[in-house]
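Sequence annotations record features per position, and here Swiss-Prot assigns substrate binding site to 97-99, 127-130, 137-139, Thr185, Ser317, 322-324 based on sequence analysis. Swiss-Prot lists His186 with the feature active site, proton donor/acceptor, giving sequence analysis as the kind of evidence. Per Swiss-Prot, the feature active site maps to Ser316; the stated evidence is sequence analysis. Annotation comment: Swiss-Prot describes Glu329 as site 'Important for catalytic activity', evidence class sequence analysis.
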Amino acid sequence: MSVRIEHDTFGEIEVPADKYWGAQTERSKRNFPVGKERMPIEVVYGFAQLKRAAAIANFDLGKLSEAKKDAIVYACDQILSGELDEHFPLVVWQTGSGTQSNMNVNEVVSYVANMYLKDHQSDESIHPNDDVNKSQSSNDTFPTAMHVALYQEVETKLEPALKLLRNTLKEKEDKFDSIIKIGRTHLQDATPIKLGQEISGWRYMLDRCETMLSESKKHILNLAIGGTAVGTGINAHPEFGDKVAHYISENTGYPFVSSENKFHALTAHDEVVQLHGTLKALAGDLMKIANDVRWLASGPRAGLAEISIPENEPGSSIMPGKVNPTQCEMLTMVAVQVMGNDTVVGFASSQGNFELNVYKPVIMHNTLQSIYLLADGMETFNNNCAVGIEPIEENIDNYLNQSLMLVTALNPHIGYEKAAQIAKKAHKEGLTLKESAIQTGYVTEEQFEAWIKPEDMVDPH
């Protein structure tokens, strides 16, 4: 393997000649061969947005030449294009401030920027610390890149997937509004409900999650940049943080602002905890929806079988013809993983000691994973399951007509105790509810027909 020699304050080190990173990235790569979880490329893109904005801000403030500013902006745009992904090899499991990933970006930006300057016959050169990292610290850059990445992924991936599934459920809600079925509480028969009403509960869960997500993501717009090492802003111009936030907003289209308290921004990540709490709530709702769907689709002959779902693949390696609710199982596993991630994010966020929380990479990794799992899970569940949900009306009608809980409609006419006697007699003697009611003498056939109307029970008002 062809190598080149790079150096840092620890001395010289060999780096692969075809890679753009420098000495500190190479040391991290060698010192932390831990796990397979690479630092998410979206964090790198968040850094690139930050370094780009910082270069422009430093130029505005007279701290960087125009040539250097242009070179750094060019390098950052190259990173944002996705052309340089291979040059960011570091794993999540590194220093808790994310210093090595910050330096990985600084070194790659410096390398590409220097090529740009050389191509433009400039005598200037870019240093990863003195120029790319000017007015910054890893302590304020990593949380800034984290917030930029999280906000963008919520906007571009999670929210569209949530809307997609929500809209499908709304279509099913409207389509099945005339189908009356038996409701169930405590896994036992209850009073009737429309299939559309049942699905409306699922849909409204997603409506509420969309609202909560919209609220919680607003806090992610606060950026730590400008706090530098401990929140005081040492080595940065007083206007630097605001300017960087402005330029990040200008390039992304999102209204980022510089946090009003940088001490908080470096040592606390409660804003991410709140965001992930919303992800956990969404996971809980998706767990409920997926479980309801697979229970209602259970069978085909010895289950509830009130709805059918698409048959996507063989379900068993031993039982011929078996088809399983695999999309529901996928979504419930996604939900469980997100709930586990929430524990990690909450605990890691509580570990800020004095002026810095040093669990930033694991907070970032778990939150991004939750966003991707939920987004992919909802889209896949929608396309391969939800769109194909159809009622099995014969079974729905049979369960409705056999249910003893229709007796509830007699309560206002004969009282709770007599109605209970009718239900118990029917269950014990294997009678229909109508037969039992007439045999007790509490109601006539005409009264039963007038009072027991499922269509009235689903819309009593």
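Keep in mind that glycine also has a Cβ here, set from the backbone N, Cα and C atoms.
Here the Cα atom of Thr185 (substrate binding site) is found 22 Å from that of Glu329 (site 'Important for catalytic activity'). Each of the recorded positions Ser97, Ser138, Ser316, Asn324 was scored by other CB atoms within 10 A of its CB, and the lowest score goes to Ser316. Among the recorded positions listed here, namely His186, Ser316, Glu329, Glu329 has its C-alpha nearest to that of Ser97 (substrate binding site). Summarising the environment of Pro128 (substrate binding site), the number of other Cβ atoms within 10 Å of its Cβ, over all protein chains shown, is 24. Taking His186, Ser316, Glu329 as the recorded positions under consideration, the smallest Cα distance to Asp130 (substrate binding site) is found for Glu329. The Cβ of Glu329 (site 'Important for catalytic activity') lies under 8 Å from the Cβ of Ala290, Arg294, each of which sits 6+ residues away along the same chain. In three-state terms derived from DSSP, Asp130 (substrate binding site) belongs to a helical segment.
Checked against the residue listed as 'active site, proton donor/acceptor', the binding-site residues Thr99, Ser138, Lys322, Asn324 differ in C-alpha distance, with Asn324 being the nearest. In the three-state DSSP scheme, Asn324 (substrate binding site) is classed as coil. Here the Cα atom of Ser316 (active site) is found 56 Å from that of Pro128 (substrate binding site). All protein chains shown were included, and the count of other CB atoms within 10 Å of the CB of Thr185 (substrate binding site) stands at 9.
In this structure, Thr185 (substrate binding site) is part of a beta strand by DSSP. Of all the recorded positions listed (His186, Lys322), Lys322 sits in the most crowded Cβ setting, with the most other Cβ atoms within 10 Å.
Working note on the binding-site residues Thr99, Asp130: by count of other C-beta atoms within 10 Å of each C-beta, Thr99 ranks first.
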